[in-house]
Amino acid sequence: MSLLHIAVLLPLIFALIIPFVYRFYKRIHLGWFVLPIPVVLFIYFLSYISTTMSGNTIMEKANWMPHFGMNFNLYVDGLGLLFSLLITGIGCLIVLYSISYLSRQEQLGHFYCYLLLFMGAMLGLVLSDNLIILYLFWELTSFSSFLLISFWRDKQASIYGAQKSMLVTVFGGLSLLGGIILLSIAGGTTSIQELINNASEIQTSPFFIFSMILVLIGAMTKSAQFPFYVWLPDAMEAPTPVSAYLHSATMVKAGLYLVARMTPIFAVSQGWIWTVTAVGLITLFWASLNATKQQDLKGILAFSTVSQLGMIMAMLGVGAVSFHFEGAESQIYIAAFTAAIFHLINHATFKGALFMITGAVDHSTGTRDVKKLGGLLTIMPISFTITLITSLSMAGIPPFNGFLSKEKFLESMIEVTNVNLFSLDTLGILIPITAIIGSVFTFVYSIRFIGQIFLGSYKEDKLPKKAHEVSPLMLISPSILAILVIVFGLFPAILSGSIIEPAVNAIGQTTNSTAEFHMFHGFTPAFFSTLGIYIVGIVLIITFSYWIYLLQKQPTKLTINYWYNKFGDVTPRYSSKFTDTYVTGFTRNNLVIIFASLIVIALVTLLVTPFNIDFKDVSAIRPFELIIVVLIITAASMIIFAKSRLFSIIMASAVGYSVAIFFIFFGAPDLALTQFVVESISTALFLLCFYHLPNLNRHKETRSFKLVNIVISVGAGIVVTVLGLIAYGNRHFGSIAEFYKTHVYDLAHGTNMVNVILVDFRGTDTLFESSVLGIAGLGVYTMIKLRAKNDKSDEGGKNVEQTEE
């Protein structure tokens, strides 16, 4: 195991340790103990920049379950390193921010355990080269995010938001699992890099389209794309550090990472290009439109996050066009990848800061309701400055980093209309139109976000508590991000060669991509589009009160959230009715369903699959064997017609003893002896127990009841017999008995094969069987003791009553 493996597992290890630290040492805020972990990891991953800048990659392998294609292989390239730096870098700032946000009275041991669990899961997800391991970390992010969102579990809204996020993302995870299975079948491997190298082979597979659809569903649920975005707004009930971490820089970017990583495999399909682009643009438009009507600051940021994720998704879709061209023409569309990666970084900076400032405002005023806020400019000047910088960046206004990536976004959306491929030159006109409209509403909610908090009149009477500027410690993290917004806007070359180009090369499978960003490109279509966005946006802000009521009057039934809740209400009711049709509470009915299903499956398989029953190696039936079989059949048949329990027990014992005689004739005396002992003890116990039971009252079953029993019994007997004969006559592998014959002495140092198998070769199985018997015995002992205790209590109660009388 390499140092890279340790780096990925480090947060998971400390997630187990931190709760114990909190339990025994509470004098210092637990966050100070956690902070060094992401700091050390961030510094460690910075050391890989020189490697990825030179075009090299690193593969660290660790065998886990190679026979199942599950090896813990980690792969560091430009894309994985970018996400690792975001996860650990933003993680440092989040932990620092949480120290001032969460008081010591909170369950900090739980919080930081969940946070580190999530951090480790995200690192494993973005660095794993094995699809199965990636999926395990993918689901671990869903699980840990559920714990984080429901951290304040005394609030019903937190539980609701956590459940919704869990249901939607786990649904996507199951879809992703299906896609992974089909993809690994098509490519013959679970290694992502090997799959990329075998992309041409996968693209001719009949599983190609199905795996693509399933992978996209998984990615879109995780990154809150339309129509799966419904979980993200309700997830805002989490503590602000969680929202700032999960929903600005990490979890919601996991779907984008998956799309970027899978692009070299699926980019050949026009379905991939159109779906990723269209879904991204629809998400951008719909979420930005909904963000304008939100009354909660976190609600605004939630929908703005969804819209920004849609924007990045659309850029990844357009960038996939580059796989259909070569040379300079390909570089035109690779620029969309460049814009996507740059905006991925930019979004983490300005959105992370805005979430933290929202938490600061809530911490200061006691509310996030925009109707109660306003006029905080003079009261919270530092918070205002940070909000101004980051909101203008989100709006796409120079000289901030958001402007540069937004310009690249518009250029890519306009440029793709020139592609004579997949009808992009005709239907593609909708792409820049949708992008521009979505950008207009992005401008509107970004600018209004500033005014709703800090401008206007101060409404002291509406605030739960007197507003004040928050502590310097709470402002350090958003201040750092605000500074980065300015630095990356004025000096984008800091990121170009070191971070962006290696990441773009990893997505586009190239080595010569260039990332150049300029504040002014000339009088281009993108420039005029930006001017139009500003002008229309300002007009909409001025006339906001005249048109917003139209959005607020949107019928509830036209929202996806309404149908999600409807489905959640209806499903348990109808599923309960359906379950009641076959779960009746009677063991016999359950067994009928189980055996009937097995019989039907087996018979259908036998009918559609050719098989052969070979009797050539079957030994002759000896007379005494025939006699024993007749005895077994006779005894078993008589149990059916028995009129007393005693007779049934005797006949069942006769069957067992007859089978034991078989064991003797077939050379297994120890097994026969064991069978004799078991039968004798069982018979004695049954007789002792049934002696104390009331007489057997027979009741007449209906004819249909008996008929079903007969059909199931005969069917099960036929199926087992036929399958046994088929298995005997079709031996594709050597008998395992030869292994035991060869190694029973030299490996286990025993001469009795049956005993050696039970005690040595299958020792663990025997141990657990013994454990089951022990647990059953403890259960019986407990029931007897409880009954005796209750009997004594009843007697004591009677004595008390008599005394009182």
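Glycine is treated like the rest: Cβ placed from N, Cα and C.
The annotation transmembrane segment is assigned in Swiss-Prot to 30-50, 117-137, 201-221, 265-285, 300-320, 337-357, 427-447, 480-500, 531-551, 591-611, 646-666, 671-691 (among others).
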Counting a contact as 3 or more Cβ pairs under 8 Å, with residues at least 6 apart in sequence, do the transmembrane segment (265-285) and the transmembrane segment (427-447) touch? yes
Under a Cβ pair cut-off of under 8 Å, which of the recorded stretches 201-221, 300-320, 531-551, 591-611 contacts the transmembrane segment (427-447) most often? 531-551
Report the listed stretch (117-137, 201-221, 337-357, 591-611, 671-691) having the maximum count of Cβ pairs within less than 8 Å of the transmembrane segment (480-500). 337-357
Sequence-remote partners of the transmembrane segment (201-221) [C-beta within less than 8 Å, at least six residues beyond its ends]: 138, 168-169, 171-173, 175-180, 182-183, 185-188, 195, 228, 255-256, 258-259, 262, 265-266, 268-269, 271-272, 275-276, 279
For the transmembrane segment (337-357), what are the same-chain contacts with Cβ under 8 Å, counting residues 6+ beyond its ends? 82, 86, 90, 93-94, 97, 240-241, 243-245, 247-249, 253, 256, 260, 298, 301, 304-305, 308, 311-312, 315-316, 319, 322, 383, 386-387, 389-391, 393-394, 400-402, 404-406, 408-409, 411-412, 449, 474, 477-478, 481-482, 484-485, 488, 492, 495, 499-501, 503-504, 507-508, 513, 515, 517
Looking only at residues six or more beyond either end of the transmembrane segment (531-551), which have a C-beta under 8 A from one in the stretch? 289-290, 292-293, 395-397, 436, 439-441, 443-444, 447-448
